[in-house]
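In TrEMBL this protein carries:
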- B:12-38: transmembrane segment (TRANSMEM)
- B:72-263: domain 'ABC transmembrane type-1' (DOMAIN)
- B:77-100: transmembrane segment (TRANSMEM)
- B:107-128: transmembrane segment (TRANSMEM)
- B:140-159: transmembrane segment (TRANSMEM)
- B:184-207: transmembrane segment (TRANSMEM)
- B:242-263: transmembrane segment (TRANSMEM)
Amino acid sequence: MPDDLAMSPSPPRAGAARGGEENAVRRTRRLPRGSRRAKGLLYVLPALAVYVGFAIWPALSTLRLSFLEWDGILPPVWAAFENYVEIFQDPALYEAILHSLILIIFFSFVPVVIGLLMTALLLGRVRTGMTFFRVVFFLPQVLPLVAVGVTWRWLYAENGVINQFLEVIGLGGITRAWLGDYHLALVALGLIGTWTMSGLCMMLFLAGAQKIDTSLYEAAIIDGAGPFQQFRHVTLPGVRREITIAAVITTIAALASFDLVFVTTNGGPAGQTNVPALLVYRLAFNEGNIGSASALAVVLTVIVIGFVSAIRYFAREDR
Amino acid sequence: MRPRAGSKIGGVSVRYAVLVILALMVLLPFVSIILAALHAPGSQISGLSIPDQWSWQNFTLAWEQGNFTNLMRSSMIIAFGVVPLAVLLATLAAYGLSILKVWGNRVLSLGFVLGLTLPVELVVVALYFNLREVGLTNSYIGIILAEAALFLPFGVYWMQAHFSSMPEELVEAARIDGARDMMVLVRVLLPISWPAITTLSVLYFMWSWNQFLLVLVMMQDPDRRTAPAGLGLFVGQYSTDIPLLAAASVIVIAPIVIVYLTFQRSFVNGITQGAVKG
């Protein structure tokens, strides 16, 4: 989803002075009357109330719960940082975090690379049928991940399509129930993410690349740049912004993934595909360990914010 | 349109070949479950196979056993509650922030935008216990308000970007004619904002339809869960009956695919521009 922290924190604001116009008009334009600015509050307040009441307040409450020992029924007991210490001591918990980091490779890195390859291949000449391809490549992005998960369970099954294909191409020896394989379940899960995210990355990059001034390519050709160099020195810098955005969106999807894991493996086999979101759900709503669940949710949020900031930082520095 | 200079890797036919292969890879899972759903109920299937005889029975069976009459109704109630509510709140807030420039609008905008990185997981734990205290778990209203809150950051951001792109003379002219703030919004800005609002509504519909964790936590009553939540639990019960599961998945996917095909331009624009704007 477009969970993108806007490049500049506030959207571009109109209202910059445009020279040579009547002074009085300009004054009202720049500074709406005080009463109008105050009345603006009436328009913002309903949204603010719902947002604070149902998102910000619960988020802060979760932070508070992370310092308590609570089963959801009896009165809570103060636990200070115990829940956090537990996360780093309990292998099941920190392994879940590691798994979600591995998922970033499949949800984010691979789709970005695929998207860039496709952009290089498709830029420019392909016109007829583009709408069709656009619709198809975007399709995985609009589906409920639960249904995607059910579908892939079947594709990965012992007698599913993946194994059928492997047998056709003579790799019958490696067929298995992929999502049940101790070593490969996480990779199999990650590849579902690759399937859902690649189209999104590609569409973002194509949209960005179409805005690149064609004269840049002409200049590059005059300078003797080959196709690869043109891609490296013109296309790639031209879609830098889109790469950042794609990386942010897909990384958040990887770290916070729940639906897909819940439906396909539910953490198995033997905890090999546990992810933080799944354990938050399980701890809070099945095991009545709300303190640990909250602490894990807080750690997850910190990791998400850390990654998003890091991606933005690196994207900015090279500029 | 002259061909782009910077695109000489491979000829046009190579490009189309790659596109077609990719499209097939994207579509393969769909073909696979549709074929599976058309096999005789309870039959063993292996891989991609054409059923001996086409059987539509799985859809009826899945609809009945999965309780889809109720699930679809709740999905609709929630989506048609969330979409107008969140669109209205986001539009009003964006108007107050971008056009009326309410006191503290920069801080408020930033506050909304920060919500874009909040994972649902952080919100949902305490939300459940908070709402349990006030009796809003197991209720449509609780879920509708929670989803609206989660979707608001994007909507406020989207509508603000839209309003900021409007020529200011428009608002000024109406004000000089003596129009009040509400009139300016309703008579001047809204009539030219429908494309932005449609896109936002379509995205909201999709997110509401697809929302899983929130509904799983907030709604215990099996008759009032949404279609994806119902499907998520249906899998556990009938994990070996592939044709039945496939049919249930097709049922859950169908409405959103229809909406997508109808409004595909809004979807693509919303997601690509929504991410890039700003």
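In case you wondered, yes, glycine gets a Cβ from its N, Cα and C as well.
Keep in mind that what you see is a predicted model, and the values were worked out from it rather than measured.
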Spatial neighbours of the transmembrane segment (B:140-159) not adjacent in sequence (6+ beyond its ends, CB under 8 Å) are 74, 77-78, 81-82, 85-87, 89-91, 93-95, 97-98, 109, 112-116, 118, 120, 123, 127, 131, 193, 196-197, 199-200, 203-204, 207-208, 211, 214-215, 218-219, 224, 270, 274, 277-278
May I ask you to check whether the transmembrane segment (B:242-263) and the transmembrane segment (B:12-38) make contact, with contact taken as at least three Cβ pairs under 8 Å and only pairs 6 or more apart in sequence counted? yes
Residues outside the transmembrane segment (B:107-128) whose C-beta sits under 8 Å from one of its C-beta atoms, at least 6 past its ends, are 93, 97, 137, 146, 149-150, 152-154, 156-157, 160, 213-214, 217-218
Which residues of the chain, 6 or more past the ends of the transmembrane segment (B:12-38), have a CB below 8 A from one of its CBs? 45, 48-51, 54-56, 58-59, 242-243, 246-247, 249-250
